[in-house]
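Each remark here refers to the structure printed beneath this line.
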């Protein structure tokens, strides 16, 4: 909160006091908690892991909402909580109108929530969720040098490498944006939102008014943010480019290439202008949606019904496991499709033994079951959130696309209200709370939240 405070102080905006007071209060609370828990020993267990995961994300979201609520934006607490959850979960949906006229402190704070949330998402996906066996994530457990039940076999070394890599690519992205003509302030904010696959912009127009060079830079770094960070870090530490390969990468890139080519052809039928520009806009928006970033460079609602349907389907997918992306994730799709292949083969040769594989790695039946359960629950929650939003009075398009864009942590939906040219500001307070819960559910991989409502979780507590 100190950086936004300094930004507002330099700009002469009175909100610097809000950030200053919030920093003091949060700092005091943090020191109190540290003092109370100092010397305490906790044996890490799955139950403790789930409670810690939910408590951290909820408490951080509440804390991040404080300066927004007390700022000059005149927000309700529901709106402030929505904005903070959207930032920390790297969703990028916003209830703020008039971003061009906002003080720099607020804009910087929104971007910082993306930056912090992005690191948290990667750390959670690589260190905690595999240990908790959430949705088949156990196949990504980090190798341990010894026998231990801890999900953090080398947490200090990995954390240092992760933060170093994350900061480095964020700075590289900022410099690349700046080289295309973007201002230094906008470059820094958009870099934090790009690498985290978040989507908060500093203007209402998002990326519509930036150069094609900026769109190319954004496309490249959104792709980097959607790739498995562990592979990059492993390649750097071992100084071996081969270690950077992950089976998810070619699959994700193939889907993006096919979707970009198809949507480019469809867009050319509905928009005027140079074909190369249309290709760049199609690639940027396809990558933005499939990586769950949510930046917009054109109103894809104008690209025709088939293009809209394809983009809607892309909102379900997400990037690779171990990245900052949301959605179902590429590895789950790979496991499901290979399970389908094996099942079809066994229908012809019932006695054949064919293991399901993720790349070249055999996958246990338990992992396949976990993946199938996750995907089934994902769609069930999607339907439930859609119905809940419709019950608040929203039309079909807004309710359905709002549900999936929140659950997949994408950002913009479709239609005149929450589409690429709109915001979530017109929605009712109830709808904003529902979407806030959906964003948290999606970011915590759903099952990590639902387990708290299981009677077996609290048995013999």
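Each residue, glycine too, has its Cβ placed from N, Cα and C.
All annotation found in TrEMBL is predicted automatically rather than curated by experts.
According to TrEMBL, the feature transmembrane segment maps to residues 249-268, out of the candidate ranges 249-268, 269-288, 329-348. Sequence-distant neighbours of the transmembrane segment (112-134) (same chain, 6+ residues past either end, Cβ-Cβ under 8 Å): 3-4, 46, 49-50, 53, 56-57, 60, 64, 84, 87-90, 92, 140-142, 150-152, 155, 158-159, 162-163, 166, 170, 192-193, 195-200, 225, 229-230, 321-324, 370, 374, 443, 445, 447-448. Among 48-70, 155-177, 302-324, 48-70 has the largest number of CB pairs under 8 A with the transmembrane segment (16-36).
Sequence-ordered, the extra residues of this chain that approach the K(+) site, with Cβ no more than 8 Å from the Cβ center of 90, 91, 198, 292, 293, 409, 410, are 89, 92, 196, 197, 199, 291, 294, 325, 326, 408, 411. Contact between the transmembrane segment (302-324) and the transmembrane segment (367-391) is not supported: fewer than 3 Cβ pairs lie under 8 Å, counting only residues 6 or more apart in sequence. Contact between the transmembrane segment (155-177) and the transmembrane segment (214-237) is supported: at least 3 Cβ pairs lie under 8 Å, counting only residues 6 or more apart in sequence.
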